[in-house]
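Sequence annotations record features per position, and here TrEMBL assigns domain 'Photolyase/cryptochrome alpha/beta' to 6-186. What TrEMBL lists as region 'Disordered' is 53-91, 300-330, 342-369, 636-677. Residues or ranges marked as compositional bias 'Polar residues' by TrEMBL: 53-63. Per TrEMBL, FAD binding site is recorded for Y373, 386-390, 430-437, 553-555. Annotation source TrEMBL lists site 'Electron transfer via tryptophanyl radical' at W482, W540, W563.
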Amino acid sequence: MSSSNSTFIHLHTLDLRIHDSPSLHIAHQPNDPSTHFLPVYIFDPRQLDLSFLPNSPASPSSKGGNGVQKEQDESAQYGPKRTRSSPLSRVGGFHRTSPYRLRFLLEAVFELRESYRRSGGDMLIGYGKPEVLLPSLVQRLKQDGEVSGVWAQREYTVEEVGNLRRISEALTELGIDLNLVDSKTLLPPAHLPFDPSKNTPDVYTQFRTKVEGMGLHLDAQGGGMLVPPLKTAVETQDGGPKVSIDKNGGRLKPFPTLDLGVIELGGKQGGWIKQGDEADSMTGMYEALSRPLFDSSPLAGWSSSVSPGKSGKRNVTLPPLHGSSPIPFSGSEKAALDRLEDYIGHPPSSSSSDSDSGRGEKGWVGGNKARHYKETRNGLMGEGFSTKFSAWLSLGSLSPKEAGWRIGQMLEALGRDKEVYKNVYWIMFELLWRDFFQYTVYKYSLTSNDDFHPNSTLFNPDGFSSQIDTYPQDARPNVEEWHYPNLDDTNDVGRRWCEGLTGVPFIDANMRELRETGWMSNRGRQNVASFLTKDLYCDWRIGAEFFEMHLVDYDTCSNWGNWQYQAGVGNDPRSSRQFNPLKQAKDYDPDNAYVRLWLPELKDVPDSHIQTPWLYNDKSKLGGYPSKPLVELPQWKKFYPGQSGSKGGRDRHRKGGGGGGKAKGNSGKGPKNSREQ
């Protein structure tokens, strides 16, 4: 490159897409001085074990092990380095990814590179610490020209914020700015009617009321609640998106000429993937990154559909999806946009997005699944009962603004049909929940006088409740009374929960599905979380970390925020909510199909006892399944065989009969004034 060339670098993190991309938009404005666009993705040793890649850096160790230790050091609440900066989780010592999560990530990364190539550019893929690799890249580029700056998505979680701050410090030494763009949430922080760092409401209903007060109408100028997505990509005839800027379809700036072989990196600092490298493909990278997962399998192992390879010659392919997977999708941006189209549909005048007004012609094309979403969202089986958008939102393969705007278009087109509006709006309702958790984390987990060691109450045993003084503390659980699992003990109740061997079929079926597919329904997540925290009274962080390992839609804020919510240490004014798994099974698995799918060992148990096998006289028919549940609560008896049970509906807030209370055989004291659902 000549000295007149200037390179715009975008560091992709959890924004693995080209549609609705602020960086692409900024880099291609007439007043931007850059001549080249260089997108980068870096696999970080603090998140993945890179030890089977050449010149790989060592991953930081974790405090966690197979035994969970009760924390005594109050300073543990401070700093990313003490919280989650390792491929192993801090409390349980679990892997922080799984073969299915890894597959989904690699599909997103490598298909993103293909999108850039389809657009006439390319994407650089590296591995190592970004604060080491990016400065070395910048130094090489500055030998032949200028670097106009580095851009990245703003994050709200403590580890990611710490990484960005380290990158910023390293770049500042070279005279380069790290610029942050807002592309993670449905509602950008500057668009909110309050300062999210200080005034995010502690209750979701209050949050939703405030943002909906801006108006649900579509306004291309951002006058309503929704902000229109940026036009930075179009879908092509060959089946994938390509860069196309604004209405005029501006083309992507060229990729800089770059000899990766001359970029200087020290020993054990990682490297850049070059053409022809073994890791220059999804399967090659999967082989390297999956080996540590198989060398140390977790409790209960990985999915039965996943294999590490044979006879020393790994020849690994991407893991096949489980035959009963409710999320049979790729992690790519194209798959995300295809799912948006499949679930929501589009205005008649366009196959994807409509005019700037968002209105289009009368009527709507497709969207049959969305028209019934509120009715089906508590389902357990199949891909259609819920959107599954969360899987792509978690990696940024789908823009929340793109999804929200399309939903807004559908609401405007079909709003006169009250039943359709009620169902479709509930998808927006769930997107707002995601934003609520993002901004709650922003408010409570990034507050510290020390910029490099922000407070991280998101991961503390007592959660946000230690900072929220508006809820009565005597209604909160006492974290000192929790059971801290010893995961080396095969009889430990926390371990049995992880393995799906609690003896309560509805709970175990959900845990088996999680392991086998990387997915669990929203209904299932609430039930297994309630069981771990309210019935077994275990440290909720074990559950949050186990979910992080397996869920393909893992999102830090949503996962840990929801676990706090269920454990009674988050921002839930009803901290005593408790689910009755037998009532839930009657309501949501009335024909027992779900339990029979995931617990085949119970195939010989009749329907009358499939949800309560401990009451079945012939224990030889249990197929090795536990003959007794870990706990048994008095209020379950109403739903035993021969009892009337509940004939209530499936509304998520509807209560069952009886109160909660301490479980029989519980390792700790039960929550006060528990409410059963």
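Every residue gets a Cβ built from N, Cα and C, even glycine.
Counting residues per DSSP class in helix, strand and coil order gives 0 helix, 0 strand, 11 coil for the compositional bias 'Polar residues' (53-63). Rounded to the nearest whole angstrom, the C-alpha distance between K388 (FAD binding site) and W540 (site 'Electron transfer via tryptophanyl radical') is 24. For E430 (FAD binding site), the nearest of the recorded sites W482, W540, W563 in terms of C-alpha separation is W563. Long-range neighbours of F436 (FAD binding site) (same chain, six or more residues apart, CB within less than 8 Å of its CB): T200, Y204, F207, R208. Take the Cα of Y373 (FAD binding site) and measure to each of the recorded sites W482, W540, W563: the nearest one is W563. Mean pLDDT across the domain 'Photolyase/cryptochrome alpha/beta' (6-186) comes to 89 in this model. All protein chains shown were included, and the count of other CB atoms within 10 Å of the CB of K388 (FAD binding site) stands at 20. W482 (site 'Electron transfer via tryptophanyl radical') is 9 Å away from W540 (site 'Electron transfer via tryptophanyl radical') when you measure Cα to Cα. Separating the Cα atoms of Y554 (FAD binding site) and W563 (site 'Electron transfer via tryptophanyl radical') is a whole-number distance of 12 Å. With respect to Cβ neighbours within 10 Å, the recorded positions Y373, W433, W482, W540, Y554 differ, and W433 shows the lowest count.
The C-beta environment of W563 (site 'Electron transfer via tryptophanyl radical'), restricted to residues of the same chain at least 6 apart in sequence and closer than 8 Å, consists of A529, W540, R541, G543, A544, F547, G570. For E430 (FAD binding site), the count of additional Cβ atoms within 10 Å of its Cβ stands at 15 [all protein chains shown]. The two recorded residues W482 (site 'Electron transfer via tryptophanyl radical') and W433 (FAD binding site) have their Cα atoms spaced 28 Å from each other.
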